[in-house]
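For reference, the structure is listed below as structure tokens.
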Amino acid sequence: MAKPNYTGTYHMVEQENMDSYLGALDVNFALRKIVCLLKPTKEITHDPATGTMKIRTLTTFKNFNMDFTIGKEFTEDLGPVDGRVCQTTVDWEGDKLVCVQRGEKEGRGWTHWLEGDKLHLEMRVQGIVAKQVFKKAD
């Protein structure tokens, strides 16, 4: 069965538990408060034939770019997020994209999945889970 194509622009419509998640990443109080007020847009370019993917997370405060090939480990610089570097792998688990980020923090990673015109993101670190939901732009 073919994997879904994640290509598109998505605007955040829901968020939960982000402050606790950022706290577990040792992000300072003031920055956590700013981040929790942001309404990011995700621009995803996905080539299902090659497995290459680019995820641009855009905000009025700071942008974050992630380029990778599904199934191939790479070194990810999370400086814009929490100043850390991880060994990261993104792979398919059914129709979901599951990311494992190996580094200083245990159990770090995320899962993306599509439901209709919504892109779901679940972020995990040290047993803390935050969730965001994005709606695809028309």
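Even glycines carry a Cβ here, placed using N, Cα and C.
Annotated domain 'Lipocalin/cytosolic fatty-acid binding' per TrEMBL: 7-129, in sequence order.
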- pLDDT averaged over every residue in the domain 'Lipocalin/cytosolic fatty-acid binding' (7-129): 94
- Note on the structure: The DSSP breakdown of the domain 'Lipocalin/cytosolic fatty-acid binding' (7-129) into helix, strand and coil residues is 16 helix, 68 strand, 39 coil
